[in-house]
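Trainee: Before I ask anything, let me first share the structure, which is written out below as structure tokens.
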Amino acid sequence: MSEKIRVLLYYKYVSIENAQEYAAKHLEFCKSIGLKGRILIADEGINGTVSGDYETTQKYMDWVHSDERFADLWFKIDEENQQAFRKMFVRYKKEIVHLGLEDNNFDSDINPLETTGEYLNPKQFKEALLDEDTVVLDTRNDYEYDLGHFRGAIRPDIRNFRELPQWVRDNKDKFMEKRVVVYCTGGVRCEKFSGWLVREGFKDVGQLHGGIATYGKDPEVQGELWDGAMYVFDDRISVPINHVNPTVISKDYFDGTPCERYVNCANPFCNKQIFASEENETKYVRGCSPECRAHERNRYVQENGLSRQEWAERLEAIGESLPEFVGA
């Protein structure tokens, strides 16, 4: 039996001087111990997800904690059967979370060390979910929500996190006087967004401390009131959260049956994320539309080495055709 792999999810807002130099040093250490993952380092802090065996991840956590700036950094740990990443990336960015405030005339960025919402533990957050006078906002991207979310949470009509401030301003009259509670995967986005809500004048703002990842591990709530699975930005794609009465809420793009398997459309110029079973991925050559299925650079066709005849036969089976100039 192969050794278990640990996946570490973490962040911390803290001032990092010479952050670019620190990012290079960080990458060098990670590679020296064989760690895999993706880490963002900015002047405002660090945000990462990494994976490795027990010894490797323990070395990494000990090394990070040995730096007084990160002595109290909170690692959220999952155990898996295989690596969640194939390579090691450490990038320097201007921010570890980009809310897009300065880009969209929303004044200056938020410093969560100065302004942020009240921290709620899993039990308190569950109580908020059941409170009719509390508005619960999902701050993640649309494709994350579609895979899984808290029961009763509002799905803002946005595609990504940077569009959220404008959506709130457009709809603030609906919940300005109510208590507003927000959540995200591990907490890093909510630290900044809840602070922005406070600055916008919302009087009672809370956030799920440690994010969905922590809620699912809490021995008391055990992920209850979460529907579906949680989207993660690594090779796992999704992880279970509700250990009381789990459900599948996402549906196969092609036939509407329950499905939690995310794939990207095979047309590289589309790349839309869709739910699809292996059977339907094969049947529809992973294309989300007739145009994508017949696109000359269809990646499914290339990856599976389909001949032009095999490709054409797949499309004919679903009532479509391959243009003469494609694959000729």
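Yeah, the Cβs are placed from backbone N, Cα and C, and that goes for glycine too.
Copied straight from Swiss-Prot:
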- 130-224: domain 'Rhodanese' (DOMAIN)
- C184: active site, cysteine persulfide intermediate (ACT_SITE)
Trainee: Using a 10 Å cut-off, grab the number of neighbouring Cβ atoms around the Cβ of C184 (active site, cysteine persulfide intermediate), all chains included.
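Mentor: The answer is 25.
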Trainee: Tell me whether C184 (active site, cysteine persulfide intermediate) sits in a helix, a strand or coil according to DSSP.
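Mentor: It is coil.
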